[in-house]
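Chemist: Below, the features straight out of TrEMBL:
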- 1-13: compositional bias 'Basic and acidic residues' (COMPBIAS)
- 260-269: compositional bias 'Basic and acidic residues' (COMPBIAS)
- 273-283: compositional bias 'Basic residues' (COMPBIAS)
- 193-245: domain 'Phorbol-ester/DAG-type' (DOMAIN)
- 208-249: domain 'RING-type' (DOMAIN)
- 1-23: region 'Disordered' (REGION)
- 260-283: region 'Disordered' (REGION)
Amino acid sequence: MEEGRAERRRRTEAPSCTQGGARRAGIMTDVHRRFLQLLMTHGVLEERGVRRLQKHCYRVHGRTAAVEELEDFINNINSVLESLYIEIKKGATEDDGRPVYALVNLATTPVSKMASDFAENELDLFRKALELIIDSETGFASSTNILNLVDQLKGKKMRKKEAEQVLQKFVQNKWLIEKEGEFTLHSRAILEMEQYIRETYPDAVKTCNICHGLLIQGQSCETCGIRMHLPCVAKYFRSAPEPRCPHCNDYWPHEIPEVFNPDKEREAGTSKANKKPSRSRQH
Ligand SMILES: [Zn+2]
Ligand SMILES: [Zn+2]
């Protein structure tokens, strides 16, 4: 506790500067507070949902307030959250690069954050699934492989049927994504757990050759083995005459995925439902 306070003091005394320049201490109005509360109940939202939420909060509480740009709005809230070791973090979905925002806890390990919602054996099931996902070539663990580990769980004994329901609970809470009976990490989990995963599985983690972020799903070079996120592949090869590995210059043997394009999105308008990308599992 003592340490926390000292750290907090140090943080408030230090001039808080970001790459963008000096960051003024934020002032939270009812608009910001409502936004934060609602984001908290969602845990993670896509950018379009975040914009909708922001609009909603201005409509309810700030009819006369000047509407802040989303980035300023979020920075403003983050400058207040800083002392609580919580942050609204921006990331992207691994499969198609749609921007997402999640409220993440910087102070505790994610597994202990989840502890209030899940029993010990359920958390251990999550850990087992996480390990299988991290160790896999594809970034996916099959439900069969996860369920085969239920006998090894810490805490109360769990049947396979129960374990299946627990896995669905992880999906509902946006820690896991399920595709055709296989599980991978939700972008919420990646945003929140990147540090934890890097520290816990230093030998198994994969990173993207382009953005250097943690990589769960992606494509890899068949010659030198480097990996890239699908959105990073799409961006990197967008203007290239032919796709060659950024590391060994060998021909890139995978299909270049189609990913989120903010300009196209704008053209399509906001009323149209999100087109689900075809599942890309090339490696
Ligand atoms: Zn990347
Ligand atoms: Zn290569």
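For all residues, glycine too, the Cβ spot is worked out from N, Cα and C.
Heads up, TrEMBL stuff is auto-annotated, nobody curated it.
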Chemist: What is the three-state DSSP composition of the domain 'RING-type' (208-249), stated as helix, strand and coil residue counts?
Modeler: 8 helix, 8 strand, 26 coil
Chemist: The domain 'RING-type' (208-249): which same-chain residues, six or more beyond its ends, come within Cβ distance under 8 Å?
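Modeler: Tertiary neighbours of the domain 'RING-type' (208-249) are 92-97, 133-134, 138-140, 184-185, 190, 194, 197-198, 256-260, 280-283.
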